[in-house]
Every structure is written in structure tokens, then in C-alpha cells.
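Noted in Swiss-Prot for the protein shown:
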{"type": "SIGNAL", "residues": "1-19", "note": "signal peptide"}
{"type": "TOPO_DOM", "residues": "20-452", "note": "topological domain 'Lumenal'"}
{"type": "CARBOHYD", "residues": "Asn159", "note": "N-linked glycosylation site"}
{"type": "CARBOHYD", "residues": "Asn206", "note": "N-linked glycosylation site"}
{"type": "CARBOHYD", "residues": "Asn313", "note": "N-linked glycosylation site"}
{"type": "CARBOHYD", "residues": "Asn404", "note": "N-linked glycosylation site"}
{"type": "TRANSMEM", "residues": "453-470", "note": "transmembrane segment"}
{"type": "TOPO_DOM", "residues": "471-481", "note": "topological domain 'Cytoplasmic'"}
{"type": "TRANSMEM", "residues": "482-502", "note": "transmembrane segment"}
Amino acid sequence: MFEMRYVYLFAICIKFVSSSELGKINNLLQGRLIYTDNSVATNVLESKFPFLKSTCVKDALKLFLPQCIANGLESIDAETRVETAIKLSICEFQASGLGEIPENCMVDDLGSMMDCMFELESSSQWWTTYSGNYQRLSSICYENLLPFEKEQILKLFLNITELYDSFGDDVDTKLNHLMFQMEQDSQNFLDDLARMFRNYDNELRNATESNRIILENDLSFFRNKVNDVLYETSEQLEVQIIEKNSQLMNEVDTVHHIMSDLADELAKNDIKSKINDLKDDSLNNLQDLVEMSNDVKEYYSRNNKLVNTELENFSMGLKKQLGGMSKDLSESQMEAIELLQGFNSILHDSLLPSMTDEIVPEMTNFKNTLLQEWTAITSTLNGDFALWNEEIFSTFNDISEKLNGTKKKLDDIEIRVSLVHKNVMTMMRVLDFMWKTSKMIIRCGYLAVKNKYYWLLCSVVWIWSKYRTSRVNVKMIPIKRYYQWAALLLSIYLGAKTGSLIDF
């Protein structure tokens, strides 16, 4: 990450110092090689480089020496030679302490120089000095070649140093402007990114709130519907149980009356007809009970199917809504990821190649200096980028936590729906168990009524309860009672053997 930012900054800086800037720098360098500019302190340079000190001989050779070294002595015109020889002669006169110097030779003018020559001819000493200097111009040219080259090299170095100084100032200005522009662009990008995430968060909140309201309404409607169905079922079951209980009590009373009548008939010896009538009535009543039990069973089966259908429809609807919400959430996450990937691809595929292609070979020599100057800048940028990364990561973590909270709420709703379904199924199993128990009791009663031994046992119990006495003395029972008991036992035995008395 650090290397990518470093290359990115280096490419941006190099972009601003590209072809047009290099052309300006080349022109400026050529101009400084031709036209000298003493921008460095003269005293310091003359103390470090004595050959730079201004002397009379140096001033005299100022025009002659560059042309002679560059193009040779033959390229110099006669006027320049004469002027140079005159100036060298004047320098010798001044160095020797000669008091009388021609006045026309002290003026730097072509007409004065001609007058100066006429005056030099007037004195043999002056003319000899002038003639010797004129003849030594070729040797003077080669004798001053090395000092002249040193001076030119030093001037070139000073020009390059000044060029580097101005280039550094330009680079600092460009970097400051670039940093300011980058900060503005980064701030605008962060503002746009924060605005985008706020809009995304608001949309996600609104969608979650609307889905939560829809789910709550559906759950409330289903709960009310289930409560209504259960309430109606419980009321109908209670009414039917009360009816069955009353019918059972009536049947018990009827059986009790029948048993009383049977006892009376037994006393009157009219048993067979009463038993047959009782049998027919009991069969009819049991058939009615069986039909009613079948009706109740069909009613509960219909209610059970209705409740199961409602639960299945609600479960399917809830699964579809949860699937739609999960799909929307996944699509939103994919859009955010595609946006970040698009920004990353734009950065790596468009910006970096276009900037790195403009790096010119001439800037390679400046890389080490720029690296040292940019170390402090990169450290500051690293802190800023780290802070931006932390803010972006914290925003993503908040969004992930909110999504996890929404998922937990949906899981809680699903658990509650499963608990409601479980409670309804438990209630249905309890009702089914009650129905099976009541059916078994009715079946046992029906089988008991049909069994001849049950009637025999009831008859014995009834007779025993009717004729029992505390501590009966056998001797006190009359003989008539023995005959009656014997007749009763004989009839019971014969009925059990032949099946003619109690038969279906």
C-alpha cells in the first residue's frame, strides 16, 4: 500500500515536470551558458577561486579570448586585435608604474583607439610594447586557454546550481499546489463516499423498517386468525363436550331406569321382553353416539387441515419474504463491492499507466534528491491515508453490525413463528389425544353394554345391594327366599348356556 502511494505521488509530480517543462529548462540552461549572470556573492567566489578576480589583463582579453579559443586566431578581425594589443600595452604601463600614459588610450572607443595608436607611434617605448603584444596574441590565446576553461566550467556550475535552485523552488511550488489540490480532491471524494454510504444506510434502514412493519402486520394477522380459529374450535369443543356429557348423563339415567325396570320385571318374571327392548334402545343410542363421534371426528379433521394449510401458507410467504430480503441485501453488498472495485480499477488501469508513461529519462538523475524531500511528505500522507482507511473501515463495520442486527431480528421472528407452530401442533395433539380417549371410553361402554357377562355382573351387584343385610343369620332367612335365589341362579345358568335370554 505504501509503495503504491509513493509511485502515485512520484508519477503525479513527474507529470507536472514533463515535456513542456523540460523544454523550458533546456532553453534556460542554454541561455545561461551564453549569457553569464553573477548571482552568487562575488567576494566569496573570488576568495575560493582567485582566477575569477577582475584584472586589467582579464578585462583586455574579454572579447578576444572567447573568439580565439572557439574559432582560432584567424577568425578575429584586425580591429579586435589592435584593440586587444592596445589594452594589454596599457596594462603593462600601469603595472610598471609609468606616469605618462596616452589619454586617448584610456577611453574605450574605436576613434579614440586610432588616436591612441598615433600617440603610441610617437614614443619608441610605447610602440615596442604595443608591437610585442600584437605579435604575442596567438601565444596569449593558448596560454590563457586553461584559466578560461576553468572560468567557463565554474560559470557553468554556478548556472546549473542556480538552475537547480530555481527548479527546486518550482518543484516546491508545484508540490504545494499539488498537495492542496490532492487534499481538496480527497476531501471531495471522502464527502461523496460518506454521502453515498449515508444514502445507502438510509435506504437500508427504510427497507428494513418497511419489511419489519409488513412482517409484524402479517404475524399479527396470522396470530389473530389462529386465535379466532382456536377460540371457535375451543367453544365448539366445549359445547360438544357439554352436549356429550349431558347425553351421557341422560343415557346413564336411562340405563339406571332400565335397570330399575329390569329389576321390577325380574320381580314380575317378565325379563325377556324388557331385555330385548333395552337391547334395541341401547343399540339405537350407541349408533347415534357412533354417528355423532364420526361427525366430531370429521369436524376436527377439517379444522386440523385448515390450520395446517394456514401454517403452510404463512411459512411459504415468510420464506419468500426472507429470501427476497436476503437477495436485496446481497445485491446491495455486491453493488458496494463493484463500486469499490470500479474505483480501484480506474486508479490502477487509467491513472497510473497514463502517468508512468510520461516519465522521461532526464528525471532519473533527480530521483534521489526528490526522494529525500518527499520523505516527510509521505509520512504525513501515510497518517492521513491511515486515518481515512480507519474511517472507511469503521463505516463498513457499522453497516455490517446493522446488517447482523437485522439478521438476528429476522432469526428471532422465525424462532417465534416456529414456537407458535409448535404450540399449535402440541394443542392439536392434545385435542387428538382427548378425542381418542373419549372414543375409547365410548367404545368400552359400547362393548360393556353388548357383553352378557357385564349384565350378569350388574344383576348380581344390584341384587346383592338390594337384599344385603348386616350380619345375616342363615337360620333367620325363610325357605321362600332360598327357592327364589335358586330359581334366579338356575335361570342365569341356563341363559349363559343357551344364550336365549341375552342374545344379540
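Every residue gets a Cβ built from N, Cα and C, even glycine.
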Roughly how many Å lie between the Cα atoms of Asn159 (N-linked glycosylation site) and Asn404 (N-linked glycosylation site), rounded to a whole value?
68
Neighbour count first, Cβ atoms within 10 Å, every protein chain included; then name which of Asn159, Asn206, Asn313, Asn404 tops the list of glycosylation sites.
Asn159
How big is the Cα-to-Cα gap, in Å, between Asn206 (N-linked glycosylation site) and Asn404 (N-linked glycosylation site)?
16
Rounded inter-Cα distance in Å - Asn404 (N-linked glycosylation site), Asn313 (N-linked glycosylation site):
27
Over the topological domain 'Cytoplasmic' (471-481) the mean pLDDT stands at 54
